[in-house]
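> According to TrEMBL, the record shows the following:
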TRANSMEM  23-43  transmembrane segment
DOMAIN    30-480  domain 'Major facilitator superfamily (MFS) profile'
TRANSMEM  84-103  transmembrane segment
TRANSMEM  115-134  transmembrane segment
TRANSMEM  140-161  transmembrane segment
TRANSMEM  173-194  transmembrane segment
TRANSMEM  200-223  transmembrane segment
TRANSMEM  286-312  transmembrane segment
TRANSMEM  324-345  transmembrane segment
TRANSMEM  352-373  transmembrane segment
TRANSMEM  385-408  transmembrane segment
TRANSMEM  455-476  transmembrane segment
Amino acid sequence: MAGGGYVTAAEGSALDYGEGMGITFSVVVTSLMAASCGLIYGFDSGVSGGVTQMDSFLRKFFPEVISGKKNAKVDAYCKYDNQWLTAFTSSLFIAATLSSLVASRVTRRVGRQAIMLIGGILFLAGSVINAAAVNIAMLIIGRMLLGFGLGFTLQAAPLYLSETAPAKWRGAFTSAYNAFLVIGILSAAVTNYITNRIEGGWRVSLGLATVPGAAVVLGVLFVPDTPISLFMRGYPDRARSALQRIRGPGADVDAEFKDIIRAVDVARQNEEGAFRRLFSKEYRHCLVIGAALPVFYQFTGMIVISIFSPVLFRTVGFSSQKAILGSVINSMTNLVATLLASFVMDRTGRRFLFIVGGLGMMLCQVAISWIMADHLGKHEGVTMPLNYATAVLVLICMCTFSFGVSWAPLRWVVPSEIYPVEVRSAGQAMTISITLCISFVELQVFIRLLCAMKYAVFLLFAACLLAMTVFVAVFLPETKGVPMETMRSAWARHWFWRRFVKDAGNENSHNRL
């Protein structure tokens, strides 16, 4: 045992759970089914950003934006500054915030699998209403249903993945959610590129959201619940069978199942008031990191770049079709980076990728700001020349790559693994709610910020990236390879957070001597 009496990363690793344990076909299929929930988030984000710059969509619902675009006196950075237009995009996130809080309470009673199924059904209904919309009210109602579905799946899917994945490869499995999210964004960008040529093609783009929605509903029907969720709901035999199935018929699951029993026993002793306990000193370390990461993530600026990239490319001078093509290229870059991150994060660790990715995004956003400032100094009020616009596209892709190997997948991985089981649903709900709530505000104001601040908006994001990279380097413990049932050991080794960790020295030590 380590000198401090607590479990070390090596001692609390997946190897302690038996040599026969590894990646099985069952855990791969199950995880892919759950990770496919990311498709609905990604497809909706990509479609809504592309649709909001389609002329046929704007003529139908936002004719004043069309008038503003044709007005030569309107600043290029202000052509899409319309609060109803941004409300179409951002309303989803306020609905998702509310539903994620509801899902955190319901999931203890019905399980992760049922929550994902409910989310998929709600998303499917919202997609149908949006495709059939004849006025702004129908658009907003559809977006709210999409948001309710998104909130449910966001609450359950990352936790499902982290609870079923082998500890040694938990980062790769949990980041699969982000990989599907990026595939959804890329699929949406390609869809928009094709439908933009069609009059009324926005209906096709919005209607095709039913495809990932239906895929999630059908896929989740074949996914069993997690062993922890089953045991917490009073099904110990089914929980052990589920654990044996995902770990393989030859794996010795006794040690892992004992850890699950112990973790669930602690959770049952503290079953009531999970949200209240989350704010106590005992869980302060989880609360700070769990709240800081989603806040910092939003201030990378990448959520608005991802969703509004077609609008941004239109702003700097691309035609509608080229703007969507630029979004396709950016989404492909994101996918490559995400797949790379899935392979390396369980080798390099979480902190290294956070730091390298943060510095890369910061440098790119400073460069984007410099190019925009240089253009304004020479050609104020004029659309960017092609060479300037191309440079912005390249830098945004470089920024997206840095984002894709770091904050994009890790914002799902780290929050899903840091909370003890007794506050895990509450902690995940808080993290998701913060993410979605800030997304709503940021999306609602970004176009106005771009109009008011112009290039300086990217300097603001760069300053935030510097601050968050320093925070991660100083305060984030490394969680690579640590089983979730013994995660207190990672906190207990940290120079700052160890003062808050309760009973770290005794955690599971009796069966790891």
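Don't overthink the numbers, they just go from 1 along the chain as shown.
In case you wondered, yes, glycine gets a Cβ from its N, Cα and C as well.
A TrEMBL annotation is a machine prediction, not a hand-curated record.
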> Tell me whether the transmembrane segment (385-408) sits in contact with the transmembrane segment (324-345), defined here as at least 3 Cβ pairs under 8 Å among residues 6 or more apart in sequence.
yes
> With pairs restricted to those 6 or more apart in sequence, evaluate whether the transmembrane segment (200-223) and the transmembrane segment (23-43) have 3+ C-beta pairs under 8 Å.
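When sequence-distant Cβ pairs are counted, the transmembrane segment (23-43) touches the transmembrane segment (200-223), since at least 3 lie under 8 Å.
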> Just to confirm my parser: what is the rounded mean pLDDT across the domain 'Major facilitator superfamily (MFS) profile' (30-480)?
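Value for the domain 'Major facilitator superfamily (MFS) profile' (30-480), mean pLDDT as a whole number: 83.
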> Going through 115-134, 140-161, 324-345, 352-373 one by one, which has the most CB pairs that fall under 8 Å from the transmembrane segment (23-43)?
140-161
> Report, as numbers and ranges, every residue of the chain located at least six residues beyond the transmembrane segment (140-161) whose Cβ falls under 8 Å of a Cβ in that stretch; write 'none' if there are none.
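That would be 31, 34-35, 37-38, 40-41, 44, 87-89, 91-104, 107, 112-113, 115-116, 118-130, 133, 173-174, 176-177, 206, 209, 213, 216, 223, 226, 412-413, 415-416, 424-425, 428-429, 432, 435-436.
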> Looking only at residues six or more beyond either end of the transmembrane segment (115-134), which have a C-beta under 8 A from one in the stretch?
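Non-local partners: 34, 37, 40, 44, 61, 99, 103, 106-107, 141-157, 160, 203-204, 206-207, 209-210, 213-214, 216-217, 220-221, 223.
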